[in-house]
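*Asks:* Pasting a structure here, questions to come.
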């Protein structure tokens, strides 16, 4: 029986990829956490751009880390 010891890559959760990443994710997949929170807020609010401004900015900031200008 061989004991397989895998590197602890599972400990890195929700950590953005380095800016100079060789494999840049597609815009739709770059920031799923901030995108989901922003979209949920926009759908549930009557005045999305105002009520969700902080979530929108958080998503823009996340996207900028990957080199996307939103």
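Don't overthink the numbers, they just go from 1 along the chain as shown.
Each Cβ is built from the backbone N, Cα and C atoms, and glycine gets one as well.
Below, the features straight out of Swiss-Prot:
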| type | residues | note |
| --- | --- | --- |
| COMPBIAS | 1-12 | compositional bias 'Polar residues' |
| DISULFID | 31-62 | disulfide bond |
| DISULFID | 41-52 | disulfide bond |
| DOMAIN | 28-70 | domain 'CHCH' |
| REGION | 1-26 | region 'Disordered' |
| MOTIF | 52-62 | motif 'Cx9C motif 2' |
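Describe the structural context of these features.
*Replies:* According to its DSSP assignment, residue 52 (disulfide bond) is coil.
In the predicted model, the domain 'CHCH' (28-70) has a mean pLDDT of 96.
Long-range contacts of the motif 'Cx9C motif 2' (52-62) within the same chain, counting only residues at least 6 positions beyond its ends with a Cβ under 8 Å from a Cβ of the stretch, are 16, 30-31, 33-35, 37-38, 41-42, 45, 70.
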*Asks:* Restricting to the chain of residue 41 (disulfide bond) and a gap of 6 or more, list residues whose Cβ falls under 8 Å of its Cβ, or answer none.
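*Replies:* The answer is 48, 51, 52, 55.
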